[in-house]
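S.K.: Have a look at this one before I ask anything.
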Amino acid sequence: MKSLLFCCLFGTFLATGMCLECEICIGLGLECNTWTKTCDANQDTCVTFQTEVIRAPVSLSLISKSCGTSDTCHLNYVETSPHNELTVKTKRTCCTGEECKTLPPPVLGHKVNPPNGLQCPGCLGLSSKECTEHLVSCRGSENQCLSIIGKEFGLFFRALSYKGCATESLCTLFEKRFWNVLEDVEVDFKCTPALPKSSQ
């Protein structure tokens, strides 16, 4: 409601000149039940995330839709690995207006990229702000070590701790606070360059 009031009062000063509305949802598979939200004044595009969680030979697909900012639309692919046998890949598409009704969802393959010679601490703790680290081999274009501590994940879990390899694009998305589909989430994160295996 606050974002709608702000947008309507000050909409004439926005670069878009209008109040943007986007579908919002998160769910398993390729579809999810959506509702419509009036985006904040600084959000000028709708974003669809298609995510694959891969632990060969099994993979899990998730989809989410939210408001976003167009300055991150070029960051359309991100990848992270918290474990040598687990990879999470996400592809994103941006749209506005009628285009969102016909734009097909982003498509991800199930292929896992090969190791690239870099390494990071890795771990995953659900419902906890701590996890036990082990060394993870980075894959593909993963050249950053990502560390996340999160809380207040609503229906999912109360806390999260995560460390692993990540693409530079994922670190940039965290800097832009891309997780607005879950409005109550609080996240602290840090990215540092991954090191060659011989340096660990």
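Backbone N, Cα and C define each Cβ position, glycine as well.
According to Swiss-Prot, the feature disulfide bond maps to Cys22-Cys46, Cys25-Cys32, Cys39-Cys67, Cys73-Cys94, Cys95-Cys100, Cys120-Cys145, Cys138-Cys165, Cys171-Cys191. Summarising the annotation, Swiss-Prot assigns signal peptide to 1-19.
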S.K.: Taking Cys138 (disulfide bond) as the reference, which of Cys73, Cys120, Cys145, Cys171, Cys191 (the disulfide-bonded residues) have a CA within 10 A of its CA?
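M.R.: Cα within 10 Å of Cys138 (disulfide bond): Cys120, Cys145.
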S.K.: Which residue, of the disulfide-bonded residues Cys67, Cys138, has its CB surrounded by the fewest other CB atoms within 10 A?
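M.R.: Cys67, out of the disulfide-bonded residues Cys67, Cys138, has the fewest neighbouring Cβ atoms within 10 Å.
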S.K.: At a 10 Å cut-off from the C-beta of Cys171 (disulfide bond), count the other C-beta atoms across all protein chains.
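M.R.: There are 20 of them.
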S.K.: Just name the winner among Cys25, Cys94, Cys120 (the disulfide-bonded residues) by count of other CB atoms within 10 A of its CB.
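M.R.: That would be Cys120, with the most Cβ atoms nearby.
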S.K.: Taking only same-chain residues 6+ apart in sequence, whose CB is under 8 Å from that of Cys191 (disulfide bond), what do you get?
M.R.: Gln144, Cys145, Leu146, Ser147, Ala166, Glu168, Cys171, Phe174
S.K.: Once the DSSP letters are reduced so that anything not helix or strand counts as coil, what is Cys100 (disulfide bond)?
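M.R.: The residue in question, Cys100 (disulfide bond), is helix (DSSP, three-state).
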S.K.: Is any of the disulfide-bonded residues Cys22, Cys67, Cys94, Cys120 within 10 Å of Cys165 (disulfide bond) (Cα-Cα), and if so, which, in sequence order?
M.R.: Cys120
